[in-house]
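Participant: Sharing a structure with you now.
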Amino acid sequence: MTGSDVPRDGVEGARPGRDALTGAHTGRRRRRGRGERAMVPDAEFSSYYGKPILNKPTWKALDIAGYLYLGGLAGASSLLGAGAHVTGRPALARTAKIGAAGAISLSLVALVHDLGRPARFVNMLRVFKPTSPMSVGSWLLVGYAPLTLAAAATDVAGRYRLVGAAATASAAVLGPAVATYTAVLICDTAVPSWHEGYREMPFVFAGSGATAAAGLALACVPAGQTGPARRLAVLGAALELGSFQLMKRRTGLAAEPLEQGRPHALLRAAEALTVGGTALGAYAGGRNRVAAAVAGAALLAGSAALRFGIFHAGVASAEDPRYTVVPQRERLAARRSPGA
Amino acid sequence: MTDDTAARAAREDGAVPRHNLLSGPQPDVARAAGYADAPPRMGFFTDTSVCIGCKACEVACKEWNAVPEDGLELTGMSYDNTQGLGADTWRHVAFIEQRKPFGGQEPGVGHEDVDVFSAASALGTGPGSPGPGATAPPPGAAPAGAPAGEISPVSPDGRTELRWLMASDVCKHCTHAACLDVCPTGSLFRTEYGTVVVQEDICNGCGYCVPACPYGVIDQRRDDGRVWKCTLCYDRLGVGMEPACAKSCPTESIQFGPLDELRDRAAARVARLRAAGVTDARLYGEDPQDGVGGDGAFFLLLDEPEVYGLPPDPVVTTRDLPAMWRHAAAAAVSLAALAAAGFVRRPR
């Protein structure tokens, strides 16, 4: 609000500076340039001074988006490590095992950093609640992290091979769950852009975890052993991009924050990096060491950009009351329409 | 009410679902949470039609619960300087300025042609006249001054008229509380009164309940990282007192009591307002069939919920949780299959 409420000639004829937006003229549009097509018709709704209805997530982006990314990287790396262990690709196995152990350790650091102090993590283990994905995830991590550390340590030390094999196998069993439970973690909230995508989000995260793990392997492993990683990159990218498109198409208005501003830039970058990294890795990754390293870095960066894009889109959807009110009004109208 | 009789009958039969459901009607929420011999479920009925925006509830809540100050701001949002519920605002009075006429809540309730002194002298003389002390007509009878479809009076200077809606918002103490369901530490718990309370010594500041709440109530306090919200004055309830906000409310806009009784009272009040021509009057959050299984704190509103900053049709976030776990399991299996496919030797 600029200037005084009360002009020199008194308040007569002056309208208040800010009204609660109760009319039908408050549907905001933030259309981007370049002739982008609106996904849904203009929404009309009322709001309380445009204030958000939901409280937005208080999570720090670097900690929690990083946590989602590292979980995917670790889970899929455990699978690669186990496969390489079984099929006799020692360099791939070692990289994947160390990658899994490192990533999951870093993700725990990120979680503890978000909580504020290490002792607070202990409270996570007071109870086990299937209704709380974070409780399930905490127990999953408590089981999974030591297994990855054991698998990596025995591989590096070259001793206790039986223990190492058992740890590798067990980590590979828990790995996929670690990579996909994080999707349930963010979808089990009232945040529109996360909650509405709950059917496809686990598949997006699974695919993205696979490309990240493949990227790490491509970047660090001699070309002769990266065959499975290159194939996993292709399959993971297909799963990630396919289910992401499906999610955007199905969720309607709630997908709009994915198409705007910073999330849009991040998600476009994620697409470009994943497609480019996969293509480069598949085409030249088997022969050219430099190309493989570039492809691997692109895949790692693409997976991270996807998690950060989805994270920021969710925060944006919680900050705008439109994404809360409009779908709920439509739901109410459908229920009240004749026949209901 | 039929729901309540059904609930009471079910309680006597012992047929009340003992386990905690994720969604749907749950008549005896305290018993489902494990209290074998719970007192009746307590709650708030906030009748916004009599709220005068005095903010006594905000102040009383802060005083009693020792809630820290959350900054004084001139927001430009009418007289609202607290803006919304949060870690340090457990009661929030909303002020909505609308270009709708004064008087009744509908156009056409101007009283320029009424001589109040002559009307007062006729009080109690006829059978149709309300007796001394009466403030509202009996339900079912629209008074003579009720809307007749006239165009509302406009001030001589041409300004359209303005009405204020004031509403004191609070935690809804949902039957299916998303904050409680997603809390990984068990810090949030269901009390014997059916309310939802945070144990501050156990909360570890994960912040998961914050985006889970479909009403945007619970929030994290910035300097200590833990979450806070209305406790429905759990400490006062324990010794038979009413919550501080209800105690301080000068117009009884905030009413506290057993939820069954409040629902009956609210239904009567809506009927009375509608009969008086306030057709916009409606209850919000009282229906046990709604997306959160009915609120422990519900409201009488004079406009759409979103006008007050409330969601029109909130649903507990954990309703879809079984489907989410199924999808995650399918995705985990897919990921394992992809990895296995990566190791399959290509045919030469």
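Cβ atoms here come from the backbone N, Cα and C positions, even for glycine.
Automatic, uncurated: that is what TrEMBL annotation is.
So TrEMBL has the following annotated:
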- B:Cys51, B:Cys54, B:Cys57, B:Cys249: [4Fe-4S] cluster 1 binding site (BINDING)
- B:Cys61, B:Cys230, B:Cys233, B:Cys245: [4Fe-4S] cluster 2 binding site (BINDING)
- B:Cys171, B:Cys174, B:Cys179, B:Cys213: [4Fe-4S] cluster 3 binding site (BINDING)
- B:Cys183, B:Cys203, B:Cys206, B:Cys209: [4Fe-4S] cluster 4 binding site (BINDING)
- B:1-16: compositional bias 'Basic and acidic residues' (COMPBIAS)
- B:42-72: domain '4Fe-4S ferredoxin-type' (DOMAIN)
- B:162-193: domain '4Fe-4S ferredoxin-type' (DOMAIN)
- B:194-223: domain '4Fe-4S ferredoxin-type' (DOMAIN)
- B:1-27: region 'Disordered' (REGION)
- B:120-157: region 'Disordered' (REGION)
Participant: Let me spell it out: take the domain '4Fe-4S ferredoxin-type' (B:194-223), skip the flanking residues so only those 6+ beyond its ends count, and list any with a Cβ under 8 Å from a Cβ in it.
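Facilitator: Hits for the domain '4Fe-4S ferredoxin-type' (B:194-223): 29-30, 33, 38, 41-43, 68, 84-88, 170-175, 177-188, 229-232, 234, 237, 259, 291-292, 296, 310-311, 314-318.
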Participant: In the same chain, which residues outside the set B:Cys61, B:Cys230, B:Cys233, B:Cys245 have their CB within 8 A of the centroid of the CB atoms that define the [4Fe-4S] cluster 2 site?
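Facilitator: These residues sit around the [4Fe-4S] cluster 2 site: B:Cys57, B:Ala60, B:Trp64, B:Asn65, B:Trp90, B:Arg91, B:Val170, B:Thr231, B:Leu232, B:Pro243, B:Ala244, B:Ala246.
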Participant: From the centroid of the CB atoms of B:Cys51, B:Cys54, B:Cys57, B:Cys249, the recorded [4Fe-4S] cluster 1 site, which same-chain residues not already listed sit within 8 A by their CB, in sequence order?
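Facilitator: Residues close to the [4Fe-4S] cluster 1 site, other than B:Cys51, B:Cys54, B:Cys57, B:Cys249: B:Ile52, B:Gly53, B:Lys55, B:Ala56, B:Val93, B:Ser168, B:Cys245, B:Ser248, B:Pro250, B:Thr251, B:Ser253, B:Ile254.
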Participant: Using a Cβ-Cβ cut-off under 8 angstroms and a sequence gap of six or more, which residues of the chain neighbour B:Cys233 ([4Fe-4S] cluster 2 binding site)?
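Facilitator: B:Trp64, B:Asn65, B:Met241, B:Glu242, B:Pro243, B:Ala244, B:Cys245 - these are the non-local Cβ neighbours of B:Cys233 ([4Fe-4S] cluster 2 binding site), listed in sequence order.
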Participant: With 8 Å as the upper Cβ-Cβ limit, not reached, which of the binding-site residues B:Cys57, B:Cys174, B:Cys179, B:Cys233 neighbour chain A?
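Facilitator: Filtering B:Cys57, B:Cys174, B:Cys179, B:Cys233 for a Cβ under 8 Å from chain A leaves none.
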Participant: I'd like to know which of the binding-site residues B:Cys57, B:Cys61, B:Cys171, B:Cys174, B:Cys179, B:Cys230 sit within 10 A of B:Cys209 ([4Fe-4S] cluster 4 binding site) at the Cα level.
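Facilitator: Those near B:Cys209 ([4Fe-4S] cluster 4 binding site) - Cα within 10 Å - are B:Cys179, in sequence order.
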Participant: If you run the three-state DSSP split on B:Cys171 ([4Fe-4S] cluster 3 binding site), which class comes out?
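Facilitator: Reduced to three states, the DSSP call for B:Cys171 ([4Fe-4S] cluster 3 binding site) is coil.
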Participant: Expressed to the nearest Å, what is the distance separating B:Cys206 ([4Fe-4S] cluster 4 binding site) and B:Cys179 ([4Fe-4S] cluster 3 binding site) at their Cα atoms?
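Facilitator: Given the Cα positions, B:Cys206 ([4Fe-4S] cluster 4 binding site) is 12 Å from B:Cys179 ([4Fe-4S] cluster 3 binding site).
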Participant: Treating G and I as helix alongside H, and B as strand alongside E, what does DSSP give for the domain '4Fe-4S ferredoxin-type' (B:194-223) in helix, strand and coil?
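Facilitator: Helix, strand, coil within the domain '4Fe-4S ferredoxin-type' (B:194-223): 4 helix, 5 strand, 21 coil.
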Participant: I'm trying to understand the geometry here, so how far is the Cα atom of B:Cys203 ([4Fe-4S] cluster 4 binding site) from the Cα atom of B:Cys179 ([4Fe-4S] cluster 3 binding site), in Å to the nearest whole number?
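Facilitator: Cα of B:Cys203 ([4Fe-4S] cluster 4 binding site) to Cα of B:Cys179 ([4Fe-4S] cluster 3 binding site) measures 12 Å after rounding.
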Participant: Among B:Cys54, B:Cys179, B:Cys209, the binding-site residues in question, whose Cβ has the most other Cβ atoms within 10 Å in this structure?
Facilitator: B:Cys209
Participant: Far apart in sequence but close in space: which same-chain residues, 6 or more away, have a Cβ under 8 Å from B:Cys174 ([4Fe-4S] cluster 3 binding site)?
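Facilitator: Listed in sequence order, they are B:Val196, B:Val292, B:Gly293, B:Gly294, B:Asp295, B:Gly296, B:Val316.
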Participant: DSSP on B:Cys183 ([4Fe-4S] cluster 4 binding site), three-state: which is it?
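Facilitator: SS state of B:Cys183 ([4Fe-4S] cluster 4 binding site) = coil.
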Participant: What's the most sparsely packed of the binding-site residues B:Cys51, B:Cys213, counting other C-beta atoms within 10 A?
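Facilitator: Checked B:Cys51, B:Cys213; of these binding-site residues, fewest Cβ neighbours within 10 Å: B:Cys51.
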Participant: Relative to the Cα of B:Cys213 ([4Fe-4S] cluster 3 binding site), which of the binding-site residues B:Cys61, B:Cys183, B:Cys230, B:Cys249 has the closest Cα?
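Facilitator: Answer for the nearest of the binding-site residues: B:Cys183.
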